Amino acid sequence: MGMDDSASLLFGPLVTIACGKLGDQLTSIIGAGLVSSGCLISTQATSISFLCVSMGLLLGLGFACLYQAAAVMTARYFKKRLALANAIARSGMGLTFILAPFTQLLIDFYGWQGTLLIFGGIMLNLVPSSMLLRPVIIKNLQDFSGRNVDSGSLTQSKHPAALTSHLDEISTTETQFNTSLDSPMQDSTVTNGLQETSNCYTPDRDSDRDCSHNNLPLQKEWNSNSWLVPSRQPLLDFSLLKDPFFCIFAWSFLFSQLAYFIPTFHLAARAKTLGIDSMDASYLISVAGIIETVSQLLSGWIADQNWIKKYHYHKTYLILCGITNLLGPLATSFPLLMVYTVSFAIFCGGYLALLLPVLVDFVGVPRLHSSLGFASFFAGIAAIAGPPIAGWLYDYTQTYACSFLFAGTCYLIAPISFFFEPSAHKPKLQKEKELNEVTT
């Protein structure tokens, strides 16, 4: 596995702090600069150690900034179609197989240094792309009836219940309060020193949790189900480590990343050991990339229909990934390997598209930066450990079958935590019930 892939996950908490201090847009621009600089500096490399820093750490940190900022902004902009929007945003990852022949062509014409120079220039296009990550701004603090909300009077109240009472005086529409006192909101657009949130209903949860305060871009009016609360969320919310919902997601993300890179790296190698031509083996990787991209789009669209909770889809895809990899050693011919590749790519793309929506459902957008940073860090450790473990299994057994069995086992372990979601939800419901009683 490339060092930049693991580094992009390990730098998650650092990127969380950067986004909190500098904002998502500026952090993403810095990430684009780091990626481009890493490619340019690598043209002067004289050793592997040099490349580990320039191509590994610099690119890893840059991609971490780019991914996390874009992921959080996607969650802020989209609510109803978040799964599909996220699938579209990350669909390009499945098409990276196109870079392989393109890179080889550039190396043949310009050499490896010239190729890195070209890639460095291409990566600079990420700067204007990052500038598009503009925050959502509420222009008019008005409710649907056209009456102005006195923001000055709201700033004098530090208790969210008082803010809710103030809004109840303006409108007779019931305002549901579901923000706990120990979980203040963060990462929102601030107007006149105040932070806006909206009382959103999450259709794939039994009850409302913290939801996106910026789900509608350029919203110009406040309805009666909106309120203002002061923003005082820490840059890194360590209370997440005690949140059962975050622990459920982190467990699943860790074990899925432990297995994710193994089939991809060992598929072509196993095909060669079965006597399959190298060109045919490369087709397997290309097919996997195309199928994974299509699968992500379909998975996102299906999840947005809200027929069942999104984490149920996620859990099912992980189980199917595990079963597919456990059956992988039975594929001993090119047609059977193609069947395995297509099946795994479908299920893998399915769960990858739902990583962000499931996390948003579990912890909410206000704490998304911290939760994504911590979860990425844990997953980065797993991503570093997975391929070496699989390589050791091959050295010990002299067969790639054990690598696929190991990956399948990890995929089956990953969704176990989701079965505890109903149990973890009960204390939260009780806490919200008690809080509602206090506010009323």
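Heads up, the Cβ atoms here are built off N, Cα and C, so glycines get one too.
What TrEMBL records for this protein:
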DOMAIN    244-440  domain 'Major facilitator superfamily (MFS) profile'
TRANSMEM  47-70  transmembrane segment
TRANSMEM  82-103  transmembrane segment
TRANSMEM  109-127  transmembrane segment
TRANSMEM  245-263  transmembrane segment
TRANSMEM  283-303  transmembrane segment
TRANSMEM  315-331  transmembrane segment
TRANSMEM  337-360  transmembrane segment
TRANSMEM  372-394  transmembrane segment
TRANSMEM  400-420  transmembrane segment
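Here the transmembrane segment (400-420) sits against the transmembrane segment (245-263); at least 3 CB pairs are under 8 Å, leaving out pairs fewer than 6 apart in sequence. Listed stretches 47-70, 109-127, 245-263, 315-331, 337-360 were compared with the transmembrane segment (283-303); the greatest number of C-beta pairs under 8 angstroms is found for 337-360. Among residues of the same chain six or more beyond the transmembrane segment (245-263), those with a C-beta under 8 A of the stretch's C-beta atoms are 1, 5, 9, 314-315, 318, 321, 325, 328, 344, 348, 351, 355, 358-359, 362-363, 371, 374-375, 378-383, 385-387, 390, 403-404, 406-411, 413-418, 420-421, 424-425, 428. Long-range Cβ contacts of the transmembrane segment (109-127) within its own chain (Cβ-Cβ under 8 Å, at least 6 residues beyond either end) map to 28-29, 31-33, 35-40, 42-43, 66, 103. In this model, the domain 'Major facilitator superfamily (MFS) profile' (244-440) carries an average pLDDT of 90.
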